[in-house]
Ligand SMILES: Nc1ncnc2c1ncn2[C@@H]1O[C@H](COP(=O)(O)OP(=O)(O)O)[C@@H](O)[C@H]1O
Ligand SMILES: [Mg+2]
């Protein structure tokens, strides 16, 4: 399968089918680091061997990032083409508008193909927009009463809603990382919450926090998670049972940076990959 994303040795998901993911957990629990690991995998799709961390890079996922903390995720700006990473409101609107525009271009391309054509069926590379520290980002868009502030706020909300509603067919994923990902506490709109095929909660927390992430119908084991360990809720798999505990691979920071350089160098190119089909 082309879009197989490995969370741990024993847990993989189809990133195209799950398309939107949410990541929760307290500061220092491994959310951003875990997301960087997933980015290295996504950008080197498809993976051929479970032993090799990086894939063959034949269907490289195109990566876009919003990181107002200007920390680890934003460092990808050193490797990614210009216009892919935003660390403030104005740039976030530019980057996310561009992402949304490309999604619509791909949708139009698919509409010209046979009826019911999808990016997945045509073997097109995926796109992913990662937004780190979602709550802080969203709060910053909600501040300010000038006309300019209101314009940015309106654009931000409509772009996120548009992407979350149309992104399945064109394979334009949305990854949202935040200490809180419940609708009530995070300013996450309910369509993003409901459309998420994968929810991860990293690190140790009390039962109430896990419940906010996963809801009340899911069983949560009595375990103590460490940094880099998480519970996973996976659409269709954990709907009525227990969340699945797993542990991200442990990778030294220098090594991870090497992986990211390998996965993202020469693979991030909209001209080449927006309309690329492998089937
Ligand atoms: N899978 C991992 N392998 C190795 N180190 C990790 C891993 N996950 C987290 N860490 C360490 O923990 C630190 C904090 O993780 P981070 O992802 O920044 O937390 P968060 O984003 O939840 O605040 C990282 O800088 C890294 O040193
Ligand atoms: Mg972080």
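Glycine is treated like the rest: Cβ placed from N, Cα and C.
Remember, TrEMBL labels are computer predictions, not curated facts.
According to TrEMBL, the feature ATP binding site maps to 25, 26, 27, 28, 29, 30, 31, 32. Positions annotated as domain 'FtsK' by TrEMBL: 8-211.
Apart from the site residues 25, 26, 27, 28, 29, 30, 31, 32, the chain places the Cβ of 179, 202, 203, 227 no farther than 8 Å from the centroid of the site's Cβ atoms, the recorded ATP location. Among the listed binding-site residues, namely 25, 28, 30, the Cβ with the most fellow Cβ atoms inside 10 Å is that of 25. In this structure, 27, 28, 32 are the binding-site residues from 26, 27, 28, 32 whose C-beta falls under 6 Å of some atom of ligand 1.
Least packed by the Cβ count within 10 Å, out of the binding-site residues 27, 31, is 27. Mean pLDDT for the domain 'FtsK' (8-211) in the predicted structure: 94. Only 31, 32, of the binding-site residues 25, 28, 30, 31, 32, place a Cβ under 6 Å from an atom of ligand 2. For residue 26 (ATP binding site), the same-chain residues lying six or more positions away in sequence with a CB closer than 8 A to its CB are 179, 203, 204, 205, 209. When secondary structure is read from DSSP and collapsed to three states, residue 25 (ATP binding site) falls in the strand class.
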